[in-house]
Amino acid sequence: MSEFLLLSTYSVCSDAAGIAGNLFAFVLFVSPIPTFRRIIRSQSTEQFSGLPYVYALLNCLICLWYGTPIVSPGIILVATVNSVGAIFQFMYITIFIINAEKAKKVKMLGLLLAVFALFGIIVIASMRLFDHPSRKLFVRYLSVASLISMFASPLLIINLVIKTKSVEFMPFYLSLSTFLMSISFFAYGMFKEDPFIYVPNGVGTILGIVQLSLFFYYSTVFGEDSREPLLESYA
């Protein structure tokens, strides 16, 4: 009886961590909305870069594939959060292409097609060249590489904060959401005993703590607050 209760509690905690990660990831996915409202109003992409959204789309697609039952049974919450993320990133890229000047439009459209082509190659290769255990391992390594790269990208912002002693380009709520999402999926990965989930999200948790620490340090010492939303999404 006690063993059943323990397993039941373990399962509940695992699901709770996964659901929390989904919720915090959703906050990250909607964070670029102010930027794209500005783009739509001005009908111009100005100096904004569309590359972060292209990368985020590829990352979401790879992690979505990893979370599907055909690759990794039992972690459907990974698939659900990344399916939502892929939809948001695709919408952002579409808006960017519509409002971009011709050169940027062609470049972004080419990159978008390249993302779908690469994802298609990954899906076909993993299905035809690997049996189930090998397929899971293959997609695992791809998802870990993309996740760690995604979480490492805020290092550029951290460097900017230290150099300018300003937190203008590192909004508190985005940093907080990154930290909460990372720690939630870190816990989810621990409950599922899946190092390919908890390792990259552990890295994200550490980087989130660093960002929050810098935010509080510079906003307290130099009396500055974030005034603009971050122009690049790391979700």
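Just so it is clear, glycine is given a Cβ too, placed from its N, Cα and C backbone atoms.
Residues annotated as transmembrane segment in TrEMBL: 16-36 (among others).
Marked as transmembrane segment by TrEMBL: 48-68 (among others).
Annotated transmembrane segment per TrEMBL: 74-97 (among others), in sequence order.
As annotated by TrEMBL, transmembrane segment applies to 109-129 (among others).
The transmembrane segment annotation in TrEMBL covers 141-162 (among others).
The feature transmembrane segment is assigned by TrEMBL to 169-191 (among others).
Cβ atoms under 8 Å from those of the transmembrane segment (197-218) belong to residues 75, 78, 143-144, 147-148, 151-152, 154-155, 157-158, 161-162, 165-167, 170, 172, 175-176, 178-183, 185-190, 224, 226 of the same chain, restricted to positions at least 6 beyond its ends. Per TrEMBL, transmembrane segment is recorded for 197-218 (among others).
Long-range contacts of the transmembrane segment (74-97) within the same chain, counting only residues at least 6 positions beyond its ends with a Cβ under 8 Å from a Cβ of the stretch, are 15, 18-19, 21-22, 25-26, 29-30, 32, 36, 39-40, 45, 48, 50, 53-54, 56-57, 60-61, 63-64, 66-68, 104-105, 108-109, 112, 185, 188, 192, 194, 197, 233, 235.
The transmembrane segment (169-191) makes contact with the transmembrane segment (16-36): 3 or more of their CB pairs lie within 8 A, with pairs spaced 6 or more apart in sequence. Long-range contacts of the transmembrane segment (48-68) within the same chain: residues 32, 35, 39, 75-80, 82-83, 85-86, 89-90, 92-93, 96-97, 100, 104, 108, 111-112, 115, 118-119, 122-123, 126, 136, 139-140, 142-143, 146-147, 149-150, 153, 196, 231-235, each at least 6 residues beyond the stretch ends and with a Cβ under 8 Å from a Cβ of the stretch.
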